[in-house]
């Protein structure tokens, strides 16, 4: 392809600036360069098109500059209240991955071990016939779909309609199970309604931000920059409570480190102190809260076909108070390695009636074998002090993916979910059947496989057909050392829709070429209940096609055409308008599409032309109807639940044979499994491969030098990586940390498939490993 | 034809002065951070000599505390 000298120099200058930005982002947490976009933008008449960012759950508004049908620039949308024109280093460069040379442009069908380029229509014929044939031979529960918190709302909706409404199986789950399921279970058990009650405007009012196991400087950099702005402007304070010293710790006012899993105990100790010191908001608790306890010693889901159902039992306040006697700061300090002074300090922040406090968390709390409990305990702290549902005061569960909220949680692409409510509830099934125009009996009342169990079922041979979309499970699942061979078995026909080749496409029988983000229209929903729409901005290459349209095409081929009467040109609009019917009313009303097309996102509930910024607070939420200041209307009696949840140890802890904790996670340069960001040259160059972080004392004791190759092994598998000592992050002694973005260093071969028995979300943060020189 | 990017750290309270002074130099582009005392400087010169001279000019600015090179590209004229 011819590139003019001017364009080439302009491109190189942009690369040079991008490299400097990336370097700055790794040195200074939360740094933003709003004017970079102007510097790198080519001259000419660019057509700026609005949309949400492709990466992370913050939901920054972007403007993509299109010239001659190509995306040539990205800048932050100044009209978006989320990011106010700012973007992080990934956001600025997101469209560069489109230019990758190995883009999947055509369907590929595996024949005799070789992938053959195949017309898309033929490939879709094959997918439909295989799916139909499998159902006929083995029953409807032998086929499955596995989608994503990065699927658009229409993509998730048609997947749910195909599986639950048309075929009649609940074999649909998504990768949000790996990141947000504990948050969902926490919301539902405490409030009976999913998603945060507050919004990002809380950042402008809070006096304290307490981050629970959450490296926001790298994972949610634009929100972290909003916290830093308030820190500089108003003296707001950031308290980092974590198991590893990160970029966020460095920028915080105080960093408190705890022993993995003991956040449960520290949370209870905070509750103990709140009550002991008279900081309890008694009238709030009496008016608006119930107290309950559930089953304990639930296990960790390590065995196939594990099942668990909690049995809630009401308790009184004195019983709860007596339970907390086991969590005095003195007792908790012994197991958590958090000093008594620091526990009391944390409690005093929440206990001060004159200070507004936000709690913020994401994977540290959710990817936890007691993740639901940990979410409950954070809510307990806010409910006991009445610091909830008010500007600047509230627990704020952050999302990891751009539409984990909008698609996975709201549309409901989990096995137990429907677009409104759950499959177990007959009224919810009736509503779905009515809108989908299917017999209610077709929607099964029982959930089937959550993610871990779904891939175990593939390995066992119970699932004989699986279609994955917008997801890369053979890098992101826990214990891929079991699931890769499982997916390779001939017993399961594997269809993978994706944009680029990945370790998951490597095991596919059919690869479908998916459109990337801006090559299709869509809608995402972010962490603060904001729904954002975008129109298709550019044409995709070859036969690339939106996942929603491929699902519709397969449904039609399977004989369900009457349920999928959408047109290729307007299917996004038609699907959204159908989906909106599920959420009509003051509690979850969604904005009309024409409003979303004009605005840079709208927060639901959207009532009488207005977003509801703080739910459950009668001043702001028109759905409150109990005549009180607060109304937790997700629960039948309008009261939130304070849960008695104990500390229990992790599923696997270090021992003599495997003496280190393994913690895994992300870094700022790369998004999830790296399939996109590793194809963006500046991000790839900034962090070309994964590594294993050591505490310097551990490295010294093992005789390991920086950069030296080491083998990290567990009872499940091993992974060889270079050592990193005193570089990006600093794990506590006895712990190592590995980013999971690198498909050439598959750390999830090592991790454990233990999960929270309530949410079924795996714990990627804790298992036992040993370290050897490679 | 070298293209170089730098992180430029201003002296305390001198961020705006540094932006103005570097902006006035030819062959330089400045991208200031919104929320930190840090600038990105991208230089685009015709040859190594010009590049050296420009770097010396930047380093001589009183408002500059530290100039750290991040990346460098040297593209031939006919490329």
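Including glycine, each Cβ sits where the backbone N, Cα and C put it.
Please treat TrEMBL annotations as automatic predictions, because they have not gone through curation.
The signal peptide annotation in TrEMBL covers A:1-34.
Positions annotated as domain '4Fe-4S Mo/W bis-MGD-type' by TrEMBL: A:46-102. Across the domain '4Fe-4S Mo/W bis-MGD-type' (A:46-102), mean pLDDT in this model comes to 92.
Cβ contacts within 10 Å of residue A:60 ([4Fe-4S] cluster binding site), excluding its own Cβ and spanning all protein chains shown: 29. Taken from TrEMBL, the feature [4Fe-4S] cluster binding site applies to A:53, A:56, A:60, A:88.
Residues or ranges marked as Mo-bis(molybdopterin guanine dinucleotide) binding site by TrEMBL: A:90, A:150, A:175, A:179, A:261-263, A:363, A:367, A:472, A:497-498, A:520, A:547, A:664-673, A:748, A:765. Residue A:90 (Mo-bis(molybdopterin guanine dinucleotide) binding site) has a Cβ environment of 23 other Cβ atoms inside 10 Å. Residue A:90 (Mo-bis(molybdopterin guanine dinucleotide) binding site) falls within a helical segment according to DSSP.
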Residues near the [4Fe-4S] cluster site, A:53, A:56, A:60, A:88 excluded, by Cβ within 8 Å of the Cβ center?
-> A:55, A:58, A:59, A:62, A:83, A:87, A:90, A:91, A:221, A:222
Residue A:748 (Mo-bis(molybdopterin guanine dinucleotide) binding site) - helix vs strand vs coil (DSSP) = helix
How big is the Cα-to-Cα gap, in Å, between residue A:748 (Mo-bis(molybdopterin guanine dinucleotide) binding site) and residue A:60 ([4Fe-4S] cluster binding site)?
-> 29
In chain order, residues whose C-beta lies under 8 angstroms from the C-beta of residue A:53 ([4Fe-4S] cluster binding site), counting only those at least six residues away in the same chain, are A:59, A:60, A:61, A:62, A:87, A:90, A:91, A:94, A:402
What are the DSSP helix, strand and coil residue counts for the domain '4Fe-4S Mo/W bis-MGD-type' (A:46-102)?
-> 11 helix, 20 strand, 26 coil
Expressed to the nearest Å, what is the distance separating residue A:367 (Mo-bis(molybdopterin guanine dinucleotide) binding site) and residue A:56 ([4Fe-4S] cluster binding site) at their Cα atoms?
-> 16
What is the separation, in Å, between the Cα atoms of residue A:261 (Mo-bis(molybdopterin guanine dinucleotide) binding site) and residue A:56 ([4Fe-4S] cluster binding site)?
-> 25
Of A:261, A:367, which of the binding-site residues has the most Cβ neighbours inside 10 Å?
-> A:367
Which of the binding-site residues A:520, A:666, A:670 has its Cα closest in space to the Cα of residue A:88 ([4Fe-4S] cluster binding site)?
-> A:670
Pop the Cα-Cα gap between residue A:56 ([4Fe-4S] cluster binding site) and residue A:670 (Mo-bis(molybdopterin guanine dinucleotide) binding site) into the table, whole Å please.
-> 10
